[in-house]
Amino acid sequence: MVLPTVAIVGRPNVGKSTLFNRIAGERISIVEDVEGVTRDRIYTTGEWLNRKFSLIDTGGIDDVDAPFMEQIKHQADIAMTEADVIVFVVSGKEGVTDADEYVSLILYKTNKPVILAVNKVDNPEMRNDIYDFYSLGLGDPYPLSSVHGIGTGDILDAIVENLPVEEENENPDIIRFSLIGRPNVGKSSLINAILGEDRVIASPVAGTTRDAIDTNFVDSQGQEYTMIDTAGMRKSGKVYENTEKYSVMRSMRAIDRSDVVLMVINAEEGIREYDKRIAGFAHEAGKGIIIVVNKWDTIEKDSHTVSQWEADIRDNFQFLSYAPIIFVSAETKQRLHKLPDMIKRISESQNKRIPSAVLNDVIMDAIAINPTPTDKGKRLKIFYATQVAVKPPTFVVFVNEEELMHFSYLRFLENQIREAFVFEGTPINLIARKRK
């Protein structure tokens with residue numbers, strides 16, 4: 001199911017990231033009391049009253065070198081293009097500013113719900129000052145102190161009230177996959193080559209894909225697929241120079257919708273920090289993952305090239321040890337015929353269910369190979385395990401004391417389960433829980 005998107009917009013230093021962290025329930029953006037410091041995680045999942053939504057802190061997408069008004073205009077552009085609900089954060093301490101009026105004019109022209117959050121209302125006396133914000137023409141202002149958590153519930157109530165109606169679940173028989181990666185790694189060319197037709201504009205200039213495009217196709221065995229392209233960021237025909245920053249958000253939305261993610265790397269340029277960041281999002285989301293090295297035809301090779309590349313990938317993506325690697329060329333179509341079958345196998349692994357009796361046989365065999373650890377004379381006891389979810393496969397291991405389950409032993413059990421049941425290309429989760 002596609003999660004609705006909520007974008008937090010506002011000029012620097014009004015508390016966007018603090019509100020983001022409050023809603024997310026954790027400190028995942030870098031927050032300092034200096035303008036423009038949000039440079040870390042900008043995307044997470046929020047939940048309120050049993051409604052889940054994707055949350056974007058647009059401050060994390062600002063170009064620090066861009067002029068001030070251009071930065072906030074970019075934020076508004078992002079919100080208008082991508083968000084279902086916009087939270088416009090202003091400062092109650094500073095009152096209405098020219099920048100606030102500028103953004104409000106842009107947001108007013110959208111047909112999207114805008115929630116006006118007046119932050120830094122840290123004491124009751126300041127509540128009278130929020131009425132000045134009615135002049136922005138965006139409806140009732142909500143007093144908020146995101147530092148103290150006061151008023152956050154009212155903001156969340158308003159968000160949920162304005163979220164679009166939940167869509168019915170998509171056809172579970174269709175495998176949905178996306179191609180993610182830096183601009184100009186060849187995602188569009190890969191799509192064209194897989195489909196055998198020019199469905200997407202492919203150009204050597206980074207960021208030229210005009211919008212995200214879903215394409216459906218059927219393989220020779222009758223399996224249906226939906227392919228999601230994520231390249232580019234469009235607003236009135238203009239592609240921003242900071243394409244990588246904007247493509248992060250587009251990739252996040254595609255990852256949400258995908259069963260399997262193809263992490264595309266440009267063989268000509270090698271692995272970059274951006275690649276690891278995006279791959280980390282896919283891993284944390286529990287998606288099936290294939291590492292696709294594109295433009296393989298363009299580099300010189302010897303008998304050691306493949307093994308050197310594989311070692312480099314494993315070193316840089318240690319958290320993706322389960323992900324298969326394939327070297328392809330969109331230009332020559334080298335190995336592209338293997339991708340649909342790989343995607344299908346990984347989707348099957350994502351949905352695989354293991355009977356409890358069989359699972360516990362593997363757990364007991366694992367304990368026989370490597371006995372459970374002890375801590376201060378007390379030994380970990382494993383009573384039984386059961387699978388509780390798929391996509392990704394998730395198992396609960398019931399024990400005498402959760403604290404005795406060291407991370408290393410949990411990883412050992414995970415590897416034993418993965419090997420026994422051939423979980424290809426998917427993370428699997430093991431959770432230790434005390435038996436009651």
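Cβ coordinates are placed from backbone N, Cα and C, and glycine is handled just like the others.
Quantities reported herein were computed from a predicted structural model and do not represent experimental measurements.
Here's what Swiss-Prot has on this protein:
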- 10-17, 57-61, 119-122: GTP 1 binding site (BINDING)
- 181-188, 229-233, 294-297: GTP 2 binding site (BINDING)
- 4-167: domain 'EngA-type G 1' (DOMAIN)
- 175-351: domain 'EngA-type G 2' (DOMAIN)
- 352-436: domain 'KH-like' (DOMAIN)
- Fewest other Cβ atoms within 10 Å: which of the binding-site residues Asn13, Asn184 wins that one? Let me know. Asn13
- Counting every protein chain shown, other Cβ atoms within 10 Å of the Cβ of Lys16 (GTP 1 binding site) number 28
- Message: If I take the Cα of Asn184 (GTP 2 binding site) as reference, which of the binding-site residues Gly10, Asn13, Lys16, Thr58, Val121 has the closest Cα?
- Response: Thr58
- Only counting partners 6 or more residues apart, tell me which same-chain residues put their Cβ under 8 Å from the Cβ of Val121 (GTP 1 binding site). Gly92, Arg127, Asp129, Ile130, Pro143, Leu144, Ser145, Ile150, Gly151
- Message: Tell me the coarse DSSP state (helix, strand, coil) of Thr58 (GTP 1 binding site).
- Response: helix
- Task: Over the span of the domain 'KH-like' (352-436), count residues by DSSP class, listing helix, strand and coil in order.
- Result: 32 helix, 24 strand, 29 coil
- Task: For Lys187 (GTP 2 binding site), find which of the binding-site residues Gly10, Asn13, Lys16 come within 10 Å, Cα to Cα.
- Result: none
- Taking the Cβ of Trp296 (GTP 2 binding site) as the centre, how many other Cβ atoms fall within a 10 Å radius? 22
- Proximal but sequence-remote residues of the same chain as Gly181 (GTP 2 binding site) (Cβ under 8 Å, at least 6 apart): Lys187, Met263, Val264, Ile265, Asn266, Asp275, Ile278
- Query: What Cα-Cα separation, expressed in whole Å, is found between Lys16 (GTP 1 binding site) and Trp296 (GTP 2 binding site)?
  - Reply: 42
- Task: Look up Val121 (GTP 1 binding site) in the DSSP assignment and reduce it to helix, strand or coil.
- Result: coil
- Item | Per-residue pLDDT averaged over the domain 'EngA-type G 2' (175-351), given as an integer | 80
- Item | Inter-residue Cα distance where the pair is Asn13 (GTP 1 binding site) and Trp296 (GTP 2 binding site), in Å | 45
